[in-house]
């Protein structure tokens with residue numbers, strides 16, 4: 001078996017496991033945990049397009065989740081537009097806002113860019129919290145929006161009686177965004193982005209318009225992030241600015257990417273696979289014992305990973321896989 | 001009109017507190033080129049240290065000013081040495097290490113939640129001899145703890161500026177902030193300077209904690225209130241600039257206090273963010289920042 005075949009077999013096996021998992025996991029609670037796991041992996045992969053490949057650290061992506069959720073929900077609630085269409089509209093709005101933010105900020109150095117994205121996101125959140133109606137649009141301020149539960153939802157309503165369809169929607173979205181990231185990272189754009197992230201001056205000297213590629217990546221990333229916002233709104237049927245657009249979510253996305261491995265394709269998935277269950281279970285079991293303990297543990301893990309594995313967990317895992325793969329494929333060749 | 005002037009005075013005094021917090025942040029950024037996300041948590045540590053010192057020993061609140069900051073200096077010195085330095089080394093000579101920002105966020109989570117575990121979430125306050133004292137300036141009332149805080153903030157900024165100009169360590173700090181490699185070549189130990197810068201920044205958070213405690217509540221996440229403002233202030237004043245931090249603090253304090261006379265306080269928050277963004281786009285280097293910094 002060649003290395004390529006091995007890779008492909010394992011990928012297909014992983015996909016089969018992911019698609020078959022609901023056959024084993026039937027409890028809605030655990031299914032919900034899996035859905036949220038994929039949701040975070042998806043968000044982080046979308047973030048990774050800017051935060052990983054373009055070498056900057058945006059810390060306000062939750063605002064785009066909010067834009068997605070609000071756009072599709074307002075369109076559904078007030079104009080009867082299907083969330084499937086609202087999702088694309090939300091994505092487009094998020095992409096435009098992403099470019100508006102990116103235009104002036106991508107010229108800035110790391111720390112300024114970081115602070116700027118935080119200020120943008122927090123500023124928009126505070127405004128949404130203070131607006132009850134914006135022209136004809138009902139935003140509801142801090143109370144958030146309630147997506148009404150339908151009696152007989154059809155597929156067109158993006159609302160389902162069981163968790164199963166949500167599971168498959170987010171799984172397909174995740175696979176699509178991963179495939180897309182893989183494609184970008186192997187294209188000219190990906191190389192330009194990486195060059196611009198690591199050595200902006202050198203890349204510019206070679207005639208690469210780094211800022212334009214970064215803007216492109218930002219628009220894509222924001223578009224994809226907003227799609228997840230609609231998904232969240234339809235899954236939870238309720239959201240409010242502080243919970244959805246706050247810094248907590250933005251930071252968590254960045255943490256998952258950094259612990260998994262920024263700028264790698266598998267990083268966000270590995271990060272989410274490890275951190276989400278850890279978060280869920282420590283929160284469930286430890287926060288009763290001592291409030292805050294689970295976040296102390298989370299902070300410590302973050303610090304330790306950054307000290308001992310600054311490139312994240314993907315690098316050592318990839319090395320391990322490499323060694324194993326060589327053994328397996330060598331044996332295959334010897335036969 | 002009287003109300004506006006009173007609000008201006010109050011705003012200036014609260015602004016000095018924001019400025020004092022931002023001072024530590026700007027010092028650490030100036031030298032290390034790292035935005036210390038744990039800065040608000042260090043302020044919280046300073047406030048809790050002052051709180052327990054005053055409550056358990058019953059000393060005069062301002063006596064804490066000579067005890068808490070040195071202790072926090074040592075804390076900050078070793079925090080940088082043990083936690084932040086390894087990550088810094090891994091990122092090498094990158095001009096603005098980004099992973100370090102995340103490590104400081106980890107420190108923030110750990111400190112805030114340790115405080116939550118130890119002390120619970122309730123708001124605490126110390127009633128001291130001076131807490132309710134005030135004096136009249138014409139027809140305006142000035143609270144003594146707030147006014148002392150203002151004086152201490154200005155004195156700290158002046159003291160820090162003098163330290164940076166006159167002492168050998170201060171000069172080494174400035175040299176490192178201007179050019180890391182050149183300072184290294186001149187025999188300055190970069191990482192020891194970072195320890196000192198981080199220690200000093202933490203000590204200043206300790207000073208702020210001591211002067212805040214007679215009139216402000218302390219609770220585990222109190223740092224967040226000051227954190228976001230401190231970020232805005234350092235950009236407004238110019239990242240790394242000492243007078244910028246103080247002036248930026250005053251401006252933000254004034255905006256907050258005066259605007260809250262006319263509109264809901266949540267809107268003043270939105271206005272602060274808007275002002276921040278406008279400044280970033282018009283003049284990213286702030287009042288006193290260096291152009292090369294952004």
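Cβ coordinates come from backbone N, Cα and C, glycine included.
As stated in TrEMBL, the feature transmembrane segment covers range A:166-184 out of the listed A:147-165, A:166-184. Counting Cβ pairs closer than 8 Å and at least 6 residues apart in sequence, the transmembrane segment (A:57-78) and the transmembrane segment (A:166-184) reach fewer than three and form no contact. Sequence-distant neighbours of the transmembrane segment (A:110-128) (same chain, 6+ residues past either end, Cβ-Cβ under 8 Å): 56-63, 66, 70, 101, 139, 141, 241-242, 245-247, 250. The transmembrane segment (A:215-241) makes contact with the transmembrane segment (A:30-50), as judged by at least three Cβ pairs under 8 Å among residues 6 or more apart in sequence. In this chain, the transmembrane segment (A:30-50) lies close to the transmembrane segment (A:253-278): three or more C-beta pairs between them fall below 8 angstroms, excluding pairs fewer than 6 positions apart. If one looks beyond the transmembrane segment (A:290-309) by at least 6 residues along the same chain, the residues whose Cβ comes under 8 Å of a Cβ in the stretch are 255, 258-259, 275, 278-279, 282-283, 315-316.
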